[in-house]
Each structure stands twice: as structure tokens, then as C-alpha cells.
Amino acid sequence: VEPNATIREIRLMFHKLYPRWYPARQSIKLDPKGKSLRDEEILQHLPVGTTATLYFKDLGPQIGWTTVFLIEYTGPLFIYFLFYFRMPFVYGLDERFTSSPHPVVNLACICHSFHYIKRLIETVFVHRFSHGTMPLRNIVKNCLYYWGFAAWLAYYINHPLYTPPSYGKKQINFAVIMFLLCEAGNFSIHVALSDLRRNGSKIRKIPYPTKNPFTWLFFFVSCPNYTYEVGTWISFTIMTQCVPVGLFTLLCFIQMTIWAKDKHCTYLREFKDYPSLRMSIIPFLL
């Protein structure tokens with residue numbers, strides 16, 4: 001192997017010798033307990049001498065992130081409709097194909113559908129993934145999470161005994177405005193992050209606010225896309241005043257906080273000039 005060889009080139013060499021382990025399935029490390037080396041890293045720039053020992057780990061069958069997101073997000077979109085249209089096997093024959101007398105139920109369906117349609121559009125046209133694949137075994141776990149919660153939320157929101165929010169139209173209108181603002185903010189952040197990886201670049205950069213006011217949250221947090229995502233589900237909870245939605249929102253917040261903290265620590269480790277005012281997900285707090 002030449003000193004100026006990249007890790008990607010080494011993966012391709014390994015694949016040529018062992019066709020079973022394609023590049024996305026390989027984890028190449030300098031130390032068995034260390035982190036996987038990135039494709040763009042060059043051998044002579046790594047902390048090795050004239051000889052180097054690289055460690056290989058089989059990551060198992062992989063699936064592309066675009067395919068993963070399309071599967072994860074298409075499920076909730078259609079599962080929700082089974083409950084919204086009250087299919088016969090959901091609430092019983094007496095309630096089949098009936099509609100709710102509460103306008104908020106129709107509004108909740110529109111907002112839920114809009115959220116996942118937006119996600120699908122972003123997956124196809126906006127997102128650029130630094131890691132092209134994920135382990136195939138994770139798709140089952142992820143789908144159980146997204147699909148299962150979609151069914152649970154939809155069951156109660158569209159139930160014949162569902163009661164609307166306590167404060168009526170005021171509460172619903174406030175929640176809808178908050179929902180739309182958070183969705184716009186989430187989309188704006190995804191576009192801004194995508195612009196950092198134009199022309200297929202995988203070089204990590206510090207994201208900064210743009211002229212779009214929704215991106216100004218970058219002044220205070222490292223992962224404003226997660227902040228807006230949590231805000232979306234908080235507003236959906238207020239709109240529906242439904243306990244399962246609140247529990248889903250809480251789990252979303254916990255998981256996204258973990259992701260945000262991990263990403264924040266990565267930024268601090270890789271960039272010495274990283275803005276000190278930023279927190280992980282909640283301005284000035286967390």
C-alpha cells in the first residue's frame with residue numbers, strides 16, 4: 001500500500017481480495033478498540049510509522065440511508081390513514097368508515113401527514129449523508145419505533161371517544177402556528193446543512209447562520225434541527241392534548257438530546273475555534 005493511499009482505496013483493495021466484504025461493510029481501525037477511520041483519511045497522515053497494522057471488523061449487511069428513511073417515513077404516513085378512515089378492523093363494524101365530529105381530528109391528520117411527506121421530500125432532495133449506509137438489522141428496530149408509535153397515536157386521536165383540547169380553538173390555533181414555524185425551521189436547517197456538503201464533499205465544516213432567520217438558532221445550539229423537531233412534536237401534543245403523543249414527544253426529546261450531545265462533542269473535538277456560546281439542543285441550558 002502506497003503512503004498516499006486513502007482509507008477508501010484500502011477498502012477497495014480489501015474488497016478485491018475478499019469480495020464478500022464490500023466497502024460499506026468494512027470498519028477499518030488503527031486500534032481494535034478505536035474509532036473507524038474515515039474514507040478520506042490518508043495513510044501517511046495517520047499516527048503510524050513506515051509500517052502500519054490495520055484492523056478490520058465486519059459491520060454486517062448494510063442498507064443505504066436513503067432507503068432507510070423512505071421505509072421509516074412511508075410507514076407512519078399510511079398507517080395513520082388506517083385509523084383516520086376508521087377501517088373495519090380498527091374500531092369495530094359500528095364505527096367503520098365514519099368521520100370524527102371534531103375538526104381538530106382532521107387538522108391533526110393533515111399536520112401528521114405533512115410532517116412525514118416533508119421528511120420524504122427531504123430524504124430524496126435535501127439530505128446528504130456523511131455515512132452512506134447503516135446495518136440492515138437496525139431497520140427492524142427503527143420501523144417498530146416509528147410505525148408502532150404512529151399506530152398508537154392515531155388510535156387515540158381518531159378514536160370515537162376522543163375529546164378535543166380543553167381550551168378549544170385558541171389552543172388549537174396556537175399549536176398549529178407553532179407547528180408550522182417549527183416545520184419551517186427544521187426544513188431551513190436541513191437545507192443549510194446540505195449546503196455544507198455541496199458537490200459531494202464529505203469534509204466536516206462548522207455550520208453558521210445564514211440570511212434565513214430560521215437558521216439564526218445556530219447562534220445558540222449546535223443541532224437546531226433537533227430543537228425544531230422537538231418543537232414540532234410539542235406543538236402536536238398541545239394541538240391534540242393526547243397522552244400517547246406527549247409520551248412520544250418525551251422519547252423524541254431524550255433520543256435527540258443524546259444525538260445532539262454526541263454531535264456537539266464531535267464539533268468541540270474537531271474545531272478549536274468552535275463557538276463557545278452554543279449548547280447542544282436547548283439554548284443556554286442543554
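Note: Cβ is positioned from N, Cα and C throughout, glycine not excepted.
Remember, TrEMBL labels are computer predictions, not curated facts.
For reference, TrEMBL has these:
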type: DOMAIN; residues: 1-58; note: domain 'TECR-like N-terminal'
type: DOMAIN; residues: 133-286; note: domain '3-oxo-5-alpha-steroid 4-dehydrogenase C-terminal'
type: TRANSMEM; residues: 63-85; note: transmembrane segment
type: TRANSMEM; residues: 144-162; note: transmembrane segment
type: TRANSMEM; residues: 174-193; note: transmembrane segment
type: TRANSMEM; residues: 213-228; note: transmembrane segment
type: TRANSMEM; residues: 234-254; note: transmembrane segment
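Only residues 6 or more beyond the boundaries of the transmembrane segment (63-85), in the same chain, are considered here, and those with a CB under 8 A from a CB of the stretch are 97, 105, 109, 112-113, 116-117, 119-120, 123-124, 127, 129, 131-136, 138-139, 142-143, 146-147, 149-151, 153-155, 157-158.
Residues 182-186, 188-190, 192-193, 207, 256-257, 259-260, 263-264, 267, 275, 277-284 of the same chain, all 6+ positions outside the transmembrane segment (213-228), place their C-beta atoms under 8 angstroms from a C-beta of that stretch. Residue counts for the domain 'TECR-like N-terminal' (1-58) under DSSP (helix as H, G, I; strand as E, B; rest coil) come to 17 helix, 10 strand, 31 coil.
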